[in-house]
Amino acid sequence: MSAILSADDLNDFISPGVACIKPIETLPAKPEDSSNPYEVTTEDKAAASQPPPPASISLTDCLACSGCVTSAEAVLVSLQSHSEVLTTLDTYRSLRAPWQTQNGTNGTNGTNGTTNGHSTNGTTTNGINGHSHEGKLFVASVSPQSRASIAAVFNVSEAEAGNMIAQLLSGPSGLKTGGHQGSDFTWVLDTNVVREACLVAAADEVANALSPETSNPSTKPGSEGAIDTTPKQPILTSACPGWICYAEKTHPYILPHLSRLKSPQALTGTLIKSVLSQQYNIPPSQIWHVAIMPCFDKKLEASRSELTSSAWLPNHDATQDPVRDVDCVITARELLHLASARGINFASLPRTPLSASERTPFPDPKLDAFLFPHTRRKNQDVVAGSSGGYLYHILQTYQAQNPGSSISVSRGRNADVVEYSLVRGSETIIRAARFYGFRNIQNLVRRLKPAKASRLPGGKTGVSRKPGAAAGGDVKDYAYVEVMACPGGCTNGGGQVKITEVEEVRAYEGVESTNGDTLAPKPGPKEQKEWLAKVDEAYFSGSDSEEEKVDQDGDQNMQDATTNGHTSEPDIVNGISRRKINDVVAHWSHLTGVDTQKLLYTSYRKVESDVGKKQSDMERVAGLAVTVGGGW
């Protein structure tokens, strides 16, 4: 959503609707002094004599407008920035993990009786001064799209960019070198690892929805989008917050089609908060999680009331304020501001991974092996797209279950509409599609809109032109549709380093352009397309570089288990073992005592517009701006 609401990209520009109230929410200009001080002028005449100022609507206006997004959400977005990261690090001391070796003992401090993270009185101390309430446990998660943006700017590989980010957040020459507390992040996680669980769960969700035995309770009034309902065909991806915001506010009939699966960002936050708070008896509020994402809309996702501790915390006290699973979201551009504010030259950071001796093991051994594997699986092939590869993994899963089948790919009306079919001979096993960009999303939701009932007695329903009569057939024949708000996918997110900023960043960091990589002073559409291709190249580069295959401890670090849908182990698809993922999820559920449904899935709801409502309702919505949390 963020990347397209601008006049620079008219192909996907959405003009304000008739309900847009932003142009009239401006104060009248100060009237000029009248030459006749005794002249009486009515208010209407005074307003009519002054030309109205030109209406200018920006993305910030849209986020702050109660006609689409509540003002509370605009406040929540503004609070999430690199400044908040620095303020939090400077305010709270990093909690020393109680399971670390201290004073020659393993997780036990002889002065306060703390053993394995638990004190004798049931409270956790930090193993240093016994005042855990004065500190926080800092955790960061990084998306591959953000790493690709950084890689393109600094002419490094995606893996090297990830190492530089980890060195900034956790390394000896990173954030800990400045600030009042010397705090840094205990763990830096790769969301690609958690995405594997999302891909497996997405394939299972589609299989369950298409099963003839599945009863779909989502058709009951009021249950649309509920966590315990099965989505209707076609199932629509729910990992893009810009798309979800649009659907909830403008097209509630889409809610039964939305996947109930959490995004990798949300799932990572749930895993971090639920495991650490339960294992070491510390409240979720003492675990501070920042996510580095390619999109500004991810800040809104982090603010959803459904993605808080109240959704999974056993015996949650309703009188207590819930804690977000993701406390703050910053983008790739804001990450560079973070380093600059600390006086750190990002380009000079080591491009090698943190050694095993510098990394704190995750408290649970099985989850530690899952989150920090010895082998790092690269991003999927180009055909899978740059938005996580949900659709393609589902197709590959069905392909593995149907030997002799093949995936047919055909382009739609433009490059951001692609149709997929899994065929075996003349039989079509499953159909799916990809719709990127709001221009194409509008076509999709229009074709999914239910036909209006005839007002004439005995009249037929839908006798007019069907919404799905456009080229490409009926979208209801698709089993799954991957929907992303940004044209080109997540590598083109609004939070990525823009082409107009690249040379400025390189000059500031002292990075020289190589191989004719110098960008034009005023890049046009052609240069923007070439830059996005460079970011995509970094995203898909994976393990092409030999030096990335071995870390500082000599471990092989960049190998794939498999790259096709057919292996000797039937449950392995594109290097992801369904059996292993399900085992990890079951272990996570057992460890925390939380049902897997609450851990993996979420819900969606229709959001009413505040335009045209009485003043008391407007005041009620405005009051949400002072609360912590809140949904769309």
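The chain as shown is numbered from 1 upward.
Using N, Cα and C of the backbone, Cβ positions are placed for all residues, glycine too.
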Of the candidates Cys198, Cys295, the one that Swiss-Prot places in the [4Fe-4S] cluster 2 site of Cys240, Cys486, Cys490: Cys295
Residues that sit under 8 angstroms from Cys490 ([4Fe-4S] cluster 2 binding site) by C-beta distance, when 6+ apart in the chain: Ser143, Gln145, Cys240, Pro294, Cys295, Ser386, Ser387, Gly388, Met484
Cys240 ([4Fe-4S] cluster 2 binding site): tally of other CB atoms within 10 A of its CB: 29
Cβ packing number for Cys486 ([4Fe-4S] cluster 2 binding site), 10 Å threshold: 30
Cys490 ([4Fe-4S] cluster 2 binding site) - helix vs strand vs coil (DSSP): helix
